[in-house]
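Report on the structure given below.
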Amino acid sequence: MRFPWKGEELNHPSLFSVGFMGNIEQNEFWAKPRGYELAYSNEGYPGMSGGGIWNTEGRLAGIHNFAETNVLGYSLGLSIESFLFYQQDGLWKLPEPQLNIAKNEPISLDIQSIILALLKTYSAPDSVNGTGKQWLTYGIQLWRSGNTDNAIKAIGNAVSKDPNSWESYYNAAWIWLGQEKYDLAVNAINAAIRNQPSFYRSYLLKGAIFRELKKYENAVEALNQAILESEKDKQKDFLLYETRGGLFYDLKQYQEAIADYTQAITINPQYADAYNNRGVAKSESGDKAGGIADFTQAITINPQLAEAYNNRGTAKHKLGDKAGAIADYTQAITINPQDANFYNNRGNTKYESEDETGAIADYTQAITINPQDANFYNNRGNTKYESEDETGAIADYTQAITINPQLAEAYNNRGTAKHKLGDKAGAIADFNQAIIINPHNAKAYASRGLMYLFTGNIQVAIKDLETAKQLLQQQGNIQGVQTIQEILNKL
(Lines of atoms letter the chains of each structure in order from A and count residues from 1; the text may use other names and numbers.)
(Lines give C-alpha, C1' and ligand atoms only; values in the text may rest on other atoms or scores of the structure.)
Protein backbone atom coordinates (compact mmCIF):
# COMPACT_ATOMS: atom_id res chain seq x y z
CA MET A 1 0.00 0.00 0.00
CA ARG A 2 1.02 3.62 -0.37
CA PHE A 3 0.56 5.97 2.55
CA PRO A 4 0.85 9.78 2.63
CA TRP A 5 1.59 11.17 6.06
CA LYS A 6 1.14 14.51 7.70
CA GLY A 7 3.76 16.13 9.92
CA GLU A 8 3.77 19.20 12.06
CA GLU A 9 6.38 21.84 11.26
CA LEU A 10 6.44 25.34 12.69
CA ASN A 11 5.66 27.14 9.45
CA HIS A 12 3.82 24.30 7.73
CA PRO A 13 1.10 22.95 10.03
CA SER A 14 -0.37 20.91 7.16
CA LEU A 15 2.70 19.72 5.27
CA PHE A 16 2.17 16.37 3.52
CA SER A 17 4.82 14.02 2.15
CA VAL A 18 3.72 11.22 -0.15
CA GLY A 19 5.48 7.88 -0.29
CA PHE A 20 5.16 4.13 -0.38
CA MET A 21 4.71 1.78 2.56
CA GLY A 22 7.26 -1.01 2.76
CA ASN A 23 6.16 -4.63 2.54
CA ILE A 24 6.46 -7.22 5.31
CA GLU A 25 10.06 -8.05 4.42
CA GLN A 26 11.11 -4.40 4.43
CA ASN A 27 9.44 -3.83 7.79
CA GLU A 28 11.22 -6.88 9.20
CA PHE A 29 14.57 -5.84 7.74
CA TRP A 30 14.62 -2.08 8.21
CA ALA A 31 12.17 -1.18 10.96
CA LYS A 32 11.91 -3.90 13.60
CA PRO A 33 15.66 -4.40 14.20
CA ARG A 34 15.88 -0.68 14.97
CA GLY A 35 12.99 -0.65 17.41
CA TYR A 36 10.29 0.45 14.96
CA GLU A 37 7.54 -1.38 13.07
CA LEU A 38 6.93 0.43 9.78
CA ALA A 39 9.33 1.32 6.96
CA TYR A 40 8.18 3.75 4.27
CA SER A 41 9.70 6.01 1.64
CA ASN A 42 8.07 9.30 2.69
CA GLU A 43 10.40 12.22 3.29
CA GLY A 44 10.75 13.49 6.85
CA TYR A 45 11.33 17.11 7.82
CA PRO A 46 12.64 18.60 11.07
CA GLY A 47 9.91 18.58 13.70
CA MET A 48 7.84 15.86 12.06
CA SER A 49 8.51 13.14 14.64
CA GLY A 50 5.16 12.29 16.18
CA GLY A 51 3.28 13.21 13.02
CA GLY A 52 0.72 10.86 11.54
CA ILE A 53 1.13 8.26 8.81
CA TRP A 54 -2.14 8.37 6.88
CA ASN A 55 -3.44 5.89 4.33
CA THR A 56 -5.24 6.78 1.11
CA GLU A 57 -8.62 6.88 2.89
CA GLY A 58 -7.38 9.38 5.44
CA ARG A 59 -7.11 6.83 8.22
CA LEU A 60 -4.32 7.12 10.72
CA ALA A 61 -2.12 4.06 10.13
CA GLY A 62 0.90 4.90 12.28
CA ILE A 63 3.11 7.49 13.95
CA HIS A 64 6.26 8.82 12.28
CA ASN A 65 9.50 8.69 14.31
CA PHE A 66 12.67 8.79 12.20
CA ALA A 67 14.00 9.57 8.72
CA GLU A 68 17.42 9.55 7.11
CA THR A 69 18.27 12.68 5.15
CA ASN A 70 21.67 12.73 3.45
CA VAL A 71 21.60 9.11 2.26
CA LEU A 72 18.84 7.04 0.73
CA GLY A 73 16.91 4.95 3.19
CA TYR A 74 13.49 4.47 4.69
CA SER A 75 11.63 6.51 7.24
CA LEU A 76 10.62 4.52 10.31
CA GLY A 77 7.57 4.64 12.51
CA LEU A 78 5.21 2.94 14.93
CA SER A 79 2.04 1.13 13.85
CA ILE A 80 -1.34 2.42 14.95
CA GLU A 81 -1.98 -0.95 16.60
CA SER A 82 0.90 -0.35 18.98
CA PHE A 83 -0.27 3.22 19.54
CA LEU A 84 -3.70 1.93 20.59
CA PHE A 85 -2.08 -0.65 22.84
CA TYR A 86 -0.13 2.05 24.66
CA GLN A 87 -3.26 4.20 24.76
CA GLN A 88 -5.15 1.34 26.41
CA ASP A 89 -2.28 0.81 28.82
CA GLY A 90 -2.50 4.42 29.91
CA LEU A 91 0.95 5.42 28.68
CA TRP A 92 -0.56 7.87 26.22
CA LYS A 93 -3.96 9.15 27.24
CA LEU A 94 -6.21 10.78 24.67
CA PRO A 95 -9.84 11.75 25.27
CA GLU A 96 -12.03 8.88 24.10
CA PRO A 97 -14.08 11.04 21.66
CA GLN A 98 -10.87 11.75 19.73
CA LEU A 99 -10.46 8.05 18.93
CA ASN A 100 -12.59 6.67 16.13
CA ILE A 101 -11.39 3.15 15.37
CA ALA A 102 -12.42 1.83 11.95
CA LYS A 103 -13.67 -1.75 12.00
CA ASN A 104 -14.02 -2.31 8.25
CA GLU A 105 -11.22 -3.10 5.81
CA PRO A 106 -9.97 -0.25 3.58
CA ILE A 107 -11.61 -0.24 0.16
CA SER A 108 -9.58 -0.83 -2.98
CA LEU A 109 -8.70 2.42 -4.74
CA ASP A 110 -6.81 3.61 -7.79
CA ILE A 111 -3.67 4.13 -5.72
CA GLN A 112 -1.54 5.55 -8.52
CA SER A 113 -3.99 8.33 -9.32
CA ILE A 114 -4.18 9.25 -5.64
CA ILE A 115 -0.40 9.39 -5.38
CA LEU A 116 -0.16 11.59 -8.46
CA ALA A 117 -2.87 13.88 -7.12
CA LEU A 118 -1.25 14.28 -3.72
CA LEU A 119 2.36 14.19 -4.82
CA LYS A 120 4.21 17.34 -3.92
CA THR A 121 5.83 19.08 -6.88
CA TYR A 122 9.41 19.50 -5.76
CA SER A 123 11.22 22.54 -7.11
CA ALA A 124 14.50 21.81 -8.84
CA PRO A 125 17.48 23.90 -7.74
CA ASP A 126 18.71 26.61 -10.05
CA SER A 127 20.72 25.00 -12.86
CA VAL A 128 23.50 27.60 -12.51
CA ASN A 129 23.52 28.64 -8.88
CA GLY A 130 22.15 25.50 -7.24
CA THR A 131 24.68 23.81 -4.97
CA GLY A 132 25.63 20.16 -4.94
CA LYS A 133 23.89 19.78 -1.58
CA GLN A 134 20.68 21.25 -2.99
CA TRP A 135 20.74 18.91 -5.98
CA LEU A 136 21.42 15.94 -3.70
CA THR A 137 18.47 16.85 -1.47
CA TYR A 138 16.29 17.23 -4.55
CA GLY A 139 17.41 13.84 -5.87
CA ILE A 140 16.59 12.14 -2.57
CA GLN A 141 13.16 13.80 -2.56
CA LEU A 142 12.48 12.48 -6.06
CA TRP A 143 13.64 8.97 -5.14
CA ARG A 144 11.43 8.88 -2.05
CA SER A 145 8.42 9.84 -4.17
CA GLY A 146 9.18 7.06 -6.66
CA ASN A 147 10.58 9.26 -9.45
CA THR A 148 13.75 7.23 -9.91
CA ASP A 149 14.77 8.40 -13.40
CA ASN A 150 14.77 12.06 -12.46
CA ALA A 151 16.38 11.23 -9.12
CA ILE A 152 19.35 9.79 -11.01
CA LYS A 153 19.63 12.96 -13.12
CA ALA A 154 19.45 15.17 -10.04
CA ILE A 155 22.14 13.25 -8.20
CA GLY A 156 24.26 13.39 -11.35
CA ASN A 157 23.95 17.17 -11.18
CA ALA A 158 24.95 17.01 -7.51
CA VAL A 159 28.15 15.18 -8.47
CA SER A 160 28.88 17.73 -11.21
CA LYS A 161 28.44 20.59 -8.74
CA ASP A 162 30.48 18.92 -6.00
CA PRO A 163 32.76 16.10 -7.21
CA ASN A 164 33.95 15.54 -3.62
CA SER A 165 30.49 14.82 -2.21
CA TRP A 166 30.69 11.23 -1.02
CA GLU A 167 26.96 11.29 -0.17
CA SER A 168 26.10 11.93 -3.83
CA TYR A 169 28.18 8.97 -5.01
CA TYR A 170 26.74 6.76 -2.25
CA ASN A 171 23.16 7.59 -3.22
CA ALA A 172 23.96 7.10 -6.90
CA ALA A 173 25.35 3.63 -6.11
CA TRP A 174 22.20 2.77 -4.16
CA ILE A 175 19.97 3.75 -7.07
CA TRP A 176 22.11 1.98 -9.69
CA LEU A 177 21.97 -1.18 -7.57
CA GLY A 178 18.19 -0.99 -7.56
CA GLN A 179 18.25 -0.51 -11.33
CA GLU A 180 20.51 -3.59 -11.71
CA LYS A 181 23.21 -1.47 -13.38
CA TYR A 182 25.96 -3.01 -11.33
CA ASP A 183 29.02 -1.64 -13.13
CA LEU A 184 27.76 1.91 -12.64
CA ALA A 185 26.99 1.08 -9.02
CA VAL A 186 30.54 -0.21 -8.42
CA ASN A 187 32.07 2.93 -9.93
CA ALA A 188 29.86 5.16 -7.81
CA ILE A 189 30.49 3.36 -4.51
CA ASN A 190 34.24 3.31 -5.14
CA ALA A 191 34.11 7.09 -5.61
CA ALA A 192 32.14 7.44 -2.37
CA ILE A 193 34.76 5.40 -0.50
CA ARG A 194 37.62 7.42 -1.97
CA ASN A 195 36.04 10.62 -0.68
CA GLN A 196 34.95 9.19 2.68
CA PRO A 197 36.75 5.93 3.57
CA SER A 198 35.38 5.63 7.13
CA PHE A 199 31.62 5.37 6.41
CA TYR A 200 31.06 1.66 7.04
CA ARG A 201 27.75 1.49 5.20
CA SER A 202 29.55 2.27 1.94
CA TYR A 203 31.44 -1.01 2.26
CA LEU A 204 28.18 -2.76 3.13
CA LEU A 205 26.62 -1.40 -0.05
CA LYS A 206 29.70 -2.38 -2.04
CA GLY A 207 29.37 -5.92 -0.73
CA ALA A 208 25.72 -6.02 -1.78
CA ILE A 209 26.67 -4.93 -5.31
CA PHE A 210 29.40 -7.56 -5.60
CA ARG A 211 26.97 -10.20 -4.36
CA GLU A 212 24.61 -9.38 -7.23
CA LEU A 213 27.60 -9.77 -9.57
CA LYS A 214 28.31 -13.15 -7.91
CA LYS A 215 31.77 -11.91 -6.96
CA TYR A 216 31.47 -13.38 -3.50
CA GLU A 217 35.12 -13.12 -2.46
CA ASN A 218 35.14 -9.42 -3.34
CA ALA A 219 31.92 -8.99 -1.40
CA VAL A 220 33.38 -10.68 1.69
CA GLU A 221 36.41 -8.40 1.47
CA ALA A 222 34.09 -5.38 1.41
CA LEU A 223 32.14 -6.66 4.43
CA ASN A 224 35.36 -7.30 6.33
CA GLN A 225 36.23 -3.64 5.85
CA ALA A 226 32.71 -2.60 6.80
CA ILE A 227 32.99 -4.45 10.10
CA LEU A 228 36.42 -2.94 10.75
CA GLU A 229 35.14 0.60 10.14
CA SER A 230 32.03 0.01 12.24
CA GLU A 231 34.17 -1.16 15.16
CA LYS A 232 36.27 1.99 14.88
CA ASP A 233 33.03 3.96 15.06
CA LYS A 234 31.84 1.82 18.00
CA GLN A 235 28.83 0.67 15.98
CA LYS A 236 27.27 -2.78 16.32
CA ASP A 237 25.20 -3.36 13.22
CA PHE A 238 23.69 -6.84 12.95
CA LEU A 239 23.21 -6.27 9.23
CA LEU A 240 26.95 -6.51 8.61
CA TYR A 241 27.13 -10.03 10.02
CA GLU A 242 23.82 -11.05 8.48
CA THR A 243 25.09 -9.98 5.05
CA ARG A 244 28.52 -11.55 5.39
CA GLY A 245 26.88 -14.73 6.64
CA GLY A 246 24.90 -14.86 3.40
CA LEU A 247 28.10 -14.44 1.41
CA PHE A 248 29.81 -17.27 3.28
CA TYR A 249 26.74 -19.39 2.57
CA ASP A 250 27.02 -18.57 -1.14
CA LEU A 251 30.65 -19.75 -0.94
CA LYS A 252 29.48 -22.96 0.81
CA GLN A 253 31.54 -22.00 3.86
CA TYR A 254 28.76 -23.05 6.19
CA GLN A 255 30.58 -22.88 9.52
CA GLU A 256 31.68 -19.32 8.82
CA ALA A 257 28.12 -18.48 7.81
CA ILE A 258 26.76 -19.98 11.03
CA ALA A 259 29.24 -17.96 13.09
CA ASP A 260 28.19 -14.71 11.41
CA TYR A 261 24.47 -15.43 11.75
CA THR A 262 25.08 -16.19 15.42
CA GLN A 263 26.78 -12.83 15.83
CA ALA A 264 23.85 -11.11 14.11
CA ILE A 265 21.48 -12.87 16.52
CA THR A 266 23.60 -11.82 19.50
CA ILE A 267 23.28 -8.18 18.43
CA ASN A 268 19.61 -8.46 17.46
CA PRO A 269 17.94 -11.55 18.97
CA GLN A 270 14.52 -10.59 17.57
CA TYR A 271 15.52 -10.73 13.89
CA ALA A 272 13.70 -13.82 12.63
CA ASP A 273 15.51 -13.96 9.28
CA ALA A 274 18.86 -14.48 11.01
CA TYR A 275 17.53 -17.63 12.70
CA ASN A 276 16.02 -18.77 9.42
CA ASN A 277 19.27 -18.23 7.53
CA ARG A 278 21.35 -19.89 10.23
CA GLY A 279 18.96 -22.83 10.07
CA VAL A 280 19.55 -23.16 6.34
CA ALA A 281 23.33 -23.11 6.86
CA LYS A 282 23.09 -25.72 9.62
CA SER A 283 20.92 -27.95 7.44
CA GLU A 284 23.34 -27.68 4.53
CA SER A 285 26.23 -28.58 6.84
CA GLY A 286 24.40 -31.75 7.92
CA ASP A 287 22.89 -30.52 11.19
CA LYS A 288 19.22 -30.93 10.27
CA ALA A 289 18.08 -31.02 13.91
CA GLY A 290 19.90 -27.76 14.62
CA GLY A 291 18.36 -26.29 11.51
CA ILE A 292 14.86 -27.26 12.64
CA ALA A 293 15.48 -25.62 16.03
CA ASP A 294 16.47 -22.37 14.30
CA PHE A 295 13.51 -22.47 11.92
CA THR A 296 11.21 -22.99 14.89
CA GLN A 297 12.71 -19.99 16.68
CA ALA A 298 12.28 -17.88 13.55
CA ILE A 299 8.60 -18.91 13.45
CA THR A 300 8.19 -18.09 17.14
CA ILE A 301 9.46 -14.56 16.51
CA ASN A 302 7.55 -14.13 13.24
CA PRO A 303 4.68 -16.61 12.75
CA GLN A 304 4.10 -15.14 9.26
CA LEU A 305 7.57 -16.04 7.95
CA ALA A 306 6.49 -18.50 5.27
CA GLU A 307 10.07 -19.26 4.22
CA ALA A 308 10.86 -20.61 7.70
CA TYR A 309 7.97 -23.08 7.48
CA ASN A 310 9.16 -24.10 4.02
CA ASN A 311 12.74 -24.60 5.20
CA ARG A 312 11.64 -26.52 8.28
CA GLY A 313 9.52 -28.71 6.04
CA THR A 314 12.55 -29.47 3.87
CA ALA A 315 14.65 -30.39 6.92
CA LYS A 316 11.87 -32.62 8.28
CA HIS A 317 11.54 -34.29 4.89
CA LYS A 318 15.24 -35.11 4.83
CA LEU A 319 14.98 -36.56 8.35
CA GLY A 320 12.14 -38.81 7.20
CA ASP A 321 9.28 -36.90 8.85
CA LYS A 322 7.17 -36.62 5.73
CA ALA A 323 3.92 -35.87 7.57
CA GLY A 324 5.60 -33.05 9.48
CA ALA A 325 7.12 -31.75 6.25
CA ILE A 326 3.75 -31.68 4.48
CA ALA A 327 2.21 -29.85 7.45
CA ASP A 328 4.93 -27.18 7.29
CA TYR A 329 4.66 -26.78 3.52
CA THR A 330 0.90 -26.43 3.90
CA GLN A 331 1.35 -23.67 6.48
CA ALA A 332 3.82 -21.90 4.18
CA ILE A 333 1.22 -22.08 1.39
CA THR A 334 -1.48 -20.74 3.72
CA ILE A 335 0.69 -17.70 4.46
CA ASN A 336 1.83 -17.21 0.86
CA PRO A 337 -0.31 -19.12 -1.66
CA GLN A 338 1.52 -17.52 -4.61
CA ASP A 339 4.92 -19.14 -4.04
CA ALA A 340 5.25 -21.92 -6.59
CA ASN A 341 8.21 -23.49 -4.80
CA PHE A 342 6.10 -24.28 -1.75
CA TYR A 343 3.71 -26.34 -3.88
CA ASN A 344 6.62 -28.02 -5.65
CA ASN A 345 8.25 -28.98 -2.35
CA ARG A 346 5.01 -30.36 -0.97
CA GLY A 347 4.53 -32.23 -4.23
CA ASN A 348 7.98 -33.81 -3.86
CA THR A 349 7.12 -35.03 -0.37
CA LYS A 350 3.74 -36.37 -1.47
CA TYR A 351 5.48 -38.14 -4.37
CA GLU A 352 7.86 -39.86 -1.97
CA SER A 353 4.87 -40.69 0.25
CA GLU A 354 3.31 -42.49 -2.76
CA ASP A 355 0.51 -39.93 -3.00
CA GLU A 356 0.81 -39.52 -6.76
CA THR A 357 -2.56 -37.81 -7.13
CA GLY A 358 -1.74 -35.22 -4.49
CA ALA A 359 1.74 -34.71 -5.93
CA ILE A 360 0.41 -34.11 -9.45
CA ALA A 361 -2.10 -31.60 -8.08
CA ASP A 362 0.69 -29.69 -6.31
CA TYR A 363 2.99 -29.71 -9.33
CA THR A 364 0.11 -28.51 -11.49
CA GLN A 365 -0.52 -25.62 -9.10
CA ALA A 366 3.18 -24.75 -9.14
CA ILE A 367 3.07 -24.72 -12.95
CA THR A 368 -0.04 -22.52 -12.91
CA ILE A 369 1.81 -19.96 -10.78
CA ASN A 370 5.10 -20.24 -12.68
CA PRO A 371 4.74 -21.95 -16.07
CA GLN A 372 8.37 -21.21 -17.00
CA ASP A 373 10.07 -23.48 -14.45
CA ALA A 374 11.27 -26.60 -16.24
CA ASN A 375 11.78 -28.52 -13.00
CA PHE A 376 8.08 -28.40 -12.19
CA TYR A 377 7.23 -30.14 -15.48
CA ASN A 378 10.04 -32.65 -14.96
CA ASN A 379 8.77 -33.47 -11.47
CA ARG A 380 5.19 -33.86 -12.66
CA GLY A 381 6.46 -36.05 -15.48
CA ASN A 382 8.19 -38.33 -12.97
CA THR A 383 4.96 -38.68 -11.02
CA LYS A 384 2.94 -39.43 -14.15
CA TYR A 385 5.53 -42.04 -15.12
CA GLU A 386 5.18 -43.71 -11.72
CA SER A 387 1.40 -43.62 -12.24
CA GLU A 388 1.94 -45.52 -15.53
CA ASP A 389 0.94 -42.52 -17.63
CA GLU A 390 4.01 -42.70 -19.88
CA THR A 391 2.44 -40.58 -22.61
CA GLY A 392 1.60 -37.81 -20.15
CA ALA A 393 5.08 -38.08 -18.67
CA ILE A 394 6.72 -37.69 -22.09
CA ALA A 395 4.61 -34.59 -22.75
CA ASP A 396 5.80 -33.04 -19.47
CA TYR A 397 9.44 -33.96 -20.10
CA THR A 398 9.19 -32.45 -23.58
CA GLN A 399 7.80 -29.22 -22.13
CA ALA A 400 10.62 -29.14 -19.57
CA ILE A 401 13.14 -29.50 -22.40
CA THR A 402 11.43 -26.76 -24.41
CA ILE A 403 11.81 -24.39 -21.46
CA ASN A 404 15.34 -25.52 -20.59
CA PRO A 405 17.14 -27.38 -23.40
CA GLN A 406 20.10 -27.92 -21.04
CA LEU A 407 18.12 -29.95 -18.48
CA ALA A 408 19.90 -33.28 -18.89
CA GLU A 409 17.66 -34.99 -16.33
CA ALA A 410 14.58 -34.36 -18.47
CA TYR A 411 16.21 -36.01 -21.51
CA ASN A 412 17.20 -39.00 -19.39
CA ASN A 413 13.71 -39.31 -17.91
CA ARG A 414 12.05 -38.97 -21.31
CA GLY A 415 14.36 -41.65 -22.63
CA THR A 416 13.26 -43.99 -19.85
CA ALA A 417 9.58 -43.34 -20.64
CA LYS A 418 10.17 -43.90 -24.37
CA HIS A 419 11.92 -47.17 -23.60
CA LYS A 420 8.91 -48.36 -21.61
CA LEU A 421 6.68 -47.56 -24.60
CA GLY A 422 8.99 -49.56 -26.87
CA ASP A 423 10.64 -46.62 -28.64
CA LYS A 424 14.22 -47.88 -28.27
CA ALA A 425 15.73 -45.56 -30.89
CA GLY A 426 14.04 -42.54 -29.33
CA ALA A 427 15.23 -43.62 -25.89
CA ILE A 428 18.86 -43.94 -27.01
CA ALA A 429 18.68 -40.53 -28.72
CA ASP A 430 17.50 -38.94 -25.46
CA PHE A 431 20.18 -40.71 -23.40
CA ASN A 432 22.79 -39.50 -25.92
CA GLN A 433 21.60 -35.92 -25.50
CA ALA A 434 21.64 -36.19 -21.71
CA ILE A 435 25.28 -37.32 -21.88
CA ILE A 436 26.24 -34.55 -24.32
CA ILE A 437 24.83 -31.96 -21.90
CA ASN A 438 26.40 -33.59 -18.84
CA PRO A 439 29.23 -36.06 -19.55
CA HIS A 440 29.35 -36.86 -15.81
CA ASN A 441 25.73 -38.02 -15.70
CA ALA A 442 26.10 -41.55 -14.32
CA LYS A 443 22.37 -42.19 -14.55
CA ALA A 444 22.34 -41.45 -18.29
CA TYR A 445 25.25 -43.84 -18.95
CA ALA A 446 23.55 -46.54 -16.89
CA SER A 447 20.24 -46.01 -18.68
CA ARG A 448 21.87 -46.10 -22.11
CA GLY A 449 23.90 -49.15 -21.12
CA LEU A 450 20.76 -51.02 -20.11
CA MET A 451 19.10 -49.92 -23.35
CA TYR A 452 22.00 -51.36 -25.38
CA LEU A 453 21.81 -54.50 -23.26
CA PHE A 454 18.14 -54.97 -24.11
CA THR A 455 18.90 -54.53 -27.82
CA GLY A 456 21.67 -57.15 -27.68
CA ASN A 457 24.63 -54.78 -28.09
CA ILE A 458 26.52 -56.34 -25.17
CA GLN A 459 29.99 -54.82 -25.62
CA VAL A 460 28.70 -51.26 -25.95
CA ALA A 461 26.41 -51.91 -22.98
CA ILE A 462 29.36 -53.06 -20.85
CA LYS A 463 31.33 -49.94 -21.80
CA ASP A 464 28.48 -47.64 -20.73
CA LEU A 465 27.88 -49.56 -17.50
CA GLU A 466 31.58 -49.42 -16.62
CA THR A 467 31.57 -45.66 -17.22
CA ALA A 468 28.48 -45.32 -15.02
CA LYS A 469 30.15 -47.35 -12.25
CA GLN A 470 33.29 -45.22 -12.43
CA LEU A 471 31.29 -41.99 -12.18
CA LEU A 472 29.27 -43.35 -9.26
CA GLN A 473 32.51 -44.26 -7.47
CA GLN A 474 33.77 -40.70 -7.94
CA GLN A 475 30.48 -39.40 -6.54
CA GLY A 476 30.63 -41.69 -3.52
CA ASN A 477 27.42 -43.52 -4.45
CA ILE A 478 28.27 -46.94 -3.01
CA GLN A 479 24.81 -48.41 -3.47
CA GLY A 480 24.76 -47.37 -7.12
CA VAL A 481 28.19 -48.94 -7.68
CA GLN A 482 26.99 -52.22 -6.17
CA THR A 483 23.87 -52.25 -8.34
CA ILE A 484 25.87 -51.70 -11.56
CA GLN A 485 28.44 -54.32 -10.53
CA GLU A 486 25.70 -56.90 -9.98
CA ILE A 487 24.49 -56.30 -13.54
CA LEU A 488 28.03 -56.56 -14.93
CA ASN A 489 28.64 -59.81 -13.05
CA LYS A 490 25.77 -61.40 -14.96
CA LEU A 491 27.17 -60.48 -18.38
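Each residue, glycine too, has its Cβ placed from N, Cα and C.
Listed ranges 206-233, 290-317, 318-345, 402-429; the one TrEMBL annotates as coiled coil is 206-233. Per-class residue totals from DSSP over the repeat 'TPR' (374-407), listed helix then strand then coil: 27 helix, 0 strand, 7 coil.
Here the repeat 'TPR' (238-271) has Cβ contacts under 8 Å with residues 28, 32-33, 200, 204, 207-208, 211, 214, 216-217, 219-220, 223-224, 226-227, 230, 277-278, 280-282, 284-285, 301 of the same chain, all six or more residues outside its ends. Listed as Cβ neighbours of the repeat 'TPR' (374-407) (distance under 8 Å, sequence separation of 6 or more from its ends, same chain) are residues 340, 344, 347-348, 351, 356, 359-360, 363-364, 366-367, 413-414, 416-418, 420-421, 437.
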